[in-house]
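Colleague: Below is the structure I would like to discuss, written out as structure tokens.
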Amino acid sequence: MVELDPNNIPQHVAIIMDGNGRWAQQKGKMRIFGHKNGVKAVREAVSYARKVGIKVLTLYAFSSENWNRPKKEVNALMALFMQALDLEVKKLHKNNIKLNILGDVTGFSASLQNKIHQAEKLTENNTALTLNIAANYGGCWDIVQATKSLAQQVKEGKLAVDEINAQVLQQALVTKEQPQVDLLIRTSGEQRISNFLLWQIAYAELYFSDVLWPDFNEKEFNEAIIAYQQRHRRFGGAEE
């Protein structure tokens, strides 16, 4: 693999993990087979991110629109989520990785909410990498919940309208004090944002990979970082 510039590693990488279903269909399998193999790709992505010094990795696991999928698939995804929490959290903790679940967790079963709380509590003081799993998440929902939170603070006299600015709103998003996204990766060849981290990707570099998510490995991730390092980020400014 091409070596990375250690002085130009993106702090925050977000990934839209797309293509599990198509990967399974290409192999004549049920869609859930693709999701299960997608978990293996998650493990490899997390390991790579920690190894190269990425500080925050956000993975889009289940959007608020995914509830519209067939009930059988949704139920299988919820069971897989529970299983992954059981199997992976201790490994994350051992590797000093902090886990956050971003999204409206009240939409999940009480047992899943309890597992989420336990996992976040166990890993809350870890510092090597912050792993955000966006589940029952949508970028529009995130901005709306932040706006409601600020409106409630104004109503209670804790915040003046004139004090609301971009920084204050950003702190009210589910990502809170985390850095803005530097690099957004989407797999499977699709070139859409799909309501993901709409505020947080304002100045992100976009990288679209034709590889289906279960086949997205360390080599593919490395190529995405290389592409990022070859770009000149202007943040709205002019070319020098």
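For all residues, glycine too, the Cβ spot is worked out from N, Cα and C.
So Swiss-Prot lists these for the protein:
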ACT_SITE  Asp18  active site
ACT_SITE  Asn66  active site, proton acceptor
BINDING   Asp18, Glu205  Mg(2+) binding site
BINDING   19-23, Arg31, His35, 63-65, Trp67, Arg69, Arg186, 192-194  substrate binding site
Colleague: Measuring Cα to Cα, how many Å separate Ile193 (substrate binding site) from Asp18 (active site)?
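Modeller: So the alpha carbons of Ile193 (substrate binding site) and Asp18 (active site) sit roughly 11 Å from each other.
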Colleague: Calculate the distance in Å between the alpha carbons (Cα) of Ser64 (substrate binding site) and Glu205 (Mg(2+) binding site), and round it to a whole number.
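Modeller: About 24 Å separate the Cα atoms of these two residues.
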Colleague: Reported as an integer number of Å, what is the Cα distance between the residue listed as 'active site' and Arg186 (substrate binding site)?
Modeller: 7
Colleague: Give me the CA-CA distance between Gly21 (substrate binding site) and Asn66 (active site, proton acceptor), in Å, as a whole number.
Modeller: 13
Colleague: Counting other Cβ atoms within 10 Å of each Cβ, which of the binding-site residues Gly19, Gly21 scores lowest?
Modeller: Gly21
Colleague: How many whole Å apart are the CA atoms of Glu205 (Mg(2+) binding site) and Arg186 (substrate binding site)?
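Modeller: Cα-Cα, rounded: 11 Å.
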Colleague: Let me know how many other Cβ atoms fall within 10 Å of the Cβ of Glu205 (Mg(2+) binding site).
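Modeller: Its Cβ has 20 other Cβ atoms within 10 Å.
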Colleague: Out of these recorded positions, Ser64, Asn66, which one has the fewest other C-beta atoms within 10 Å of its own C-beta?
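Modeller: Each of the recorded positions Ser64, Asn66 was scored; lowest Cβ tally within 10 Å is Asn66.
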Colleague: Helix, strand or coil for Glu205 (Mg(2+) binding site)? Use DSSP.
Modeller: strand
Colleague: What Cα-Cα separation, expressed in whole Å, is found between His35 (substrate binding site) and Asn66 (active site, proton acceptor)?
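Modeller: Just about 13 Å between their Cα atoms.
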Colleague: Just to verify a number: CA distance, Gly19 (substrate binding site) to Asn66 (active site, proton acceptor), in angstrom, no decimals.
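Modeller: Distance between the two Cα atoms comes out at 14 Å.
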